[in-house]
Amino acid sequence: MEPILAPNPNRFVIFPIQYHDIWNMYKKAEASFWTVEEVDISKDINDWNKVTPDEKYFIKHVLAFFAASDGIVNENLAERFCTEVQITEARCFYGFRMAIENIHSEMYSLLIDTYVKDSNEKNYLFNAIETMPCVKKKADWAQKWIHDSAGYGERLIAFAAVEGIFFSGSFASIFWLKKRGLMPGLTFSNELISRDEGLHCDFACLMFKHLLHPPSEETVRSIITDAVSIEQEFLTAALPVKLIGMNCEMMKTYIEFVADRLISELGFKKIYNVTNPFDFMENISLEGKTNFFEKRVGEYQKMGVMSQKDNHFSLDVDF
């Protein structure tokens, strides 16, 4: 059995830290905590009223996918990963991550609620897993892995693909809107969320490196290429990015580029060997190690959480 999955009677107590790399990842997540109340979406309505019907259609469908997908990720964490993984440091990360995914889902739901006034259309978007075939296909793929009998390692890769590949093209499309100066609330929340998901992806890669018996390269490549083809179809056929003025072929290449970064992080050879076609995505977390935590998106990071100084309590201060 994998050491990180072996029964651990000490799992209820955090100290002493055994896995410092995993603990540091948890502290990074903690330092980047945010809430929806801190995102100003009041100025988005003016832009929303100006964008074309095609752009509205695209944004609504992307938000509908995102609103549902975070719930699927959380179900996997609650039903599988949180019960399987026995090391405290990883359980801390997964527990915190569930709260973050709830915030993401609330943010997307709030954006839909703000932009869309018709109650029937709102319900249609909030129930995208049942109402939209293009969203259902991605949701079904993710949900299949929650209940799969495959080992933890394979499912770890599948959910890294969900957050690293299924989200990547949609993140890029919203950053494209930012490049055009549109929807500041949507685009700022997208920065925060893409940073979070970049960290979640990095965490999956870190957990993969702690496996003594990881899935084979062939298995990993199969899962990743499957996710790539579904995401490419989603953004070039089902919900083509040309609706917002992006190039579909470049989007296909970008998704392959992101997949290569993921498989490289896992320690395997690249599959597609392509370059990033989107210059505006050069510094985005899902692409790799530009480290949003040092850059601090929107100057947003909890004060002192990542401080390296010893946390000693002292009574020798002069009053």
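Cβ atoms here come from the backbone N, Cα and C positions, even for glycine.
The following features are taken from Swiss-Prot:
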{"type": "ACT_SITE", "residues": "TYR108", "note": "active site"}
{"type": "BINDING", "residues": "ASP70, GLU101, HIS104", "note": "Fe cation 1 binding site"}
{"type": "BINDING", "residues": "GLU101, GLU163, GLU197, HIS200", "note": "Fe cation 2 binding site"}
{"type": "REGION", "residues": "313-319", "note": "region 'Interaction with R1'"}
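Features per Swiss-Prot, on structure.
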residue	record	Cβ within 10 Å
ASP70	Fe cation 1 binding site	24
GLU101	Fe cation 1 binding site	23
HIS104	Fe cation 1 binding site	23
TYR108	active site	26
GLU163	Fe cation 2 binding site	24
GLU197	Fe cation 2 binding site	24
HIS200	Fe cation 2 binding site	25
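Listed in chain order, the extra residues whose Cβ falls within 8 Å of the Cβ center of the Fe cation 1 site residues ASP70, GLU101, HIS104 are SER69, GLY71, VAL73, ASN74, ILE100, ASN102, ILE103, SER105, TYR108, ILE193. When the Cα atoms are compared, HIS104 (Fe cation 1 binding site) and GLU197 (Fe cation 2 binding site) turn out to be 10 Å apart. Confidence for the region 'Interaction with R1' (313-319), expressed as mean pLDDT, is 50. When the Cα atoms are compared, GLU197 (Fe cation 2 binding site) and TYR108 (active site) turn out to be 14 Å apart.
You'll find the Cα of ASP70 (Fe cation 1 binding site) roughly 9 Å from the Cα of GLU163 (Fe cation 2 binding site).
Same-chain neighbours of the Fe cation 2 site beyond GLU101, GLU163, GLU197, HIS200, judged by a C-beta within 8 angstroms of the site's C-beta center, are, in sequence order, ASP70, VAL73, ARG97, ILE100, HIS104, PHE167, ASP196, LEU199, CYS201.
On the backbone, the CA of GLU163 (Fe cation 2 binding site) and the CA of TYR108 (active site) stand 15 Å apart. The CA atom of GLU101 (Fe cation 1 binding site) is located 10 Å away from the CA atom of HIS200 (Fe cation 2 binding site). Across the fold, the C-alpha of HIS200 (Fe cation 2 binding site) and the C-alpha of TYR108 (active site) stand 18 Å from each other.
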